[in-house]
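J.: Here you go, one structure.
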Amino acid sequence: MTTPATGLETWSLWIGTIGMTLGTLYFIAQGWSVRDAEQQEYYIITIFIPAIAAASYFSMATGFGLIEVPVQGLGTLDIYWARYADWLFTTPLLLLDLALLAGADRNTIATLVGLDVFMIVTGLVGALAREGAAVRLAWWGISTGALIVLLYYLLGTLSEQASAMSGERAALFARLRNLVLVLWSLYPVVWILGTESGFEILPLGVETAAFAVLDLAAKVGFGIVLLRSRSVLSGSATRSAQTAD
Ligand SMILES: *C/C=C(C)/C=C/C=C(C)/C=C/C1=C(C)CCCC1(C)C
């Protein structure tokens, strides 16, 4: 069976579960009275993000989301696969929020989501690969390559499209984009320092805590920043001034 979770590991997973649940409930409560269809769109997307993560954290906290992977030369690694199931759905939703804010066209959205899904799936393959450390690191490199292109796209094409929006909206976009740039860049770092790479510079407990902090900031933190600017979220650039709530 899998090795029993350490204190920090268990704590982090339960804090993740509770934090994501509270975030979900908070966004639902906030969005309850929203009648504007365009604003509702952001609420719907942003509520599902911590809701999916809460389910994933609950599965990890109760042991379902964990498997043992025997890796050549590294022994048996404990891998929380449920993270990737969560990220596969939540990261495209986060990008969708950003893309809507930027007024992005369909091709831009498709490119972003495509790169993102590619990044998460190749990361998952790297986490599950049994063929030894070199193969796992190669997958990490492929996934990180996709992240770099994705962030480059956020800074380039998407930011360009956002600059056509009103000042307030463009400023909100820039704030959230910067949050994504910083937080998302840390995921491959935690992965490579943690158990997945086999380096185990960070023990599983510390790695789990680090991912919990990143996940809470990237989902609940992101959602709070986005939704507290509700007045910016509806109408065209010019209408935004009149729809203050
Ligand atoms: C709410 C969850 C978020 C924002 C998760 C983001 C995850 C990433 C940006 C993960 C990236 C990875 C790599 C770039 C390489 C190694 C494997 C991953 C999946 C950790």
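Glycine is treated like the rest: Cβ placed from N, Cα and C.
Just so you know, TrEMBL annotations never went through curation; they're auto-generated.
Just lifted these from TrEMBL, have a look:
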TRANSMEM  12-29  transmembrane segment
TRANSMEM  41-64  transmembrane segment
TRANSMEM  84-102  transmembrane segment
TRANSMEM  109-129  transmembrane segment
TRANSMEM  135-155  transmembrane segment
TRANSMEM  176-194  transmembrane segment
TRANSMEM  209-227  transmembrane segment
J.: Considering only Cβ pairs within less than 8 angstroms, which of the stretches 12-29, 84-102, 109-129, 135-155 has the most against the transmembrane segment (209-227)?
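T.: It is 12-29, which has the most Cβ pairs under 8 Å.
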J.: Quickly jot the same-chain residues contacting the transmembrane segment (84-102) by Cβ under 8 Å, restricted to those at least six beyond its ends, or write none.
T.: 41-42, 45-46, 48-49, 52-53, 55-57, 65, 108-109, 112-113, 116-117, 119-121, 123-124, 127, 154, 158-159, 161-162, 165, 169, 172-173, 176-177, 180, 215, 218-219, 222, 226, 233
J.: Restricting to the same chain and to residues at least six past its boundaries, which positions have a Cβ under 8 Å from a Cβ of the transmembrane segment (41-64)?
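T.: Long-range Cβ neighbours of the transmembrane segment (41-64): 2, 5, 10, 13-14, 16-17, 20-21, 23-24, 27-28, 30-31, 34, 80, 82-83, 85-86, 89-90, 93-94, 96-97, 100, 212, 215, 219-220, 222-223, 226-227, 233.
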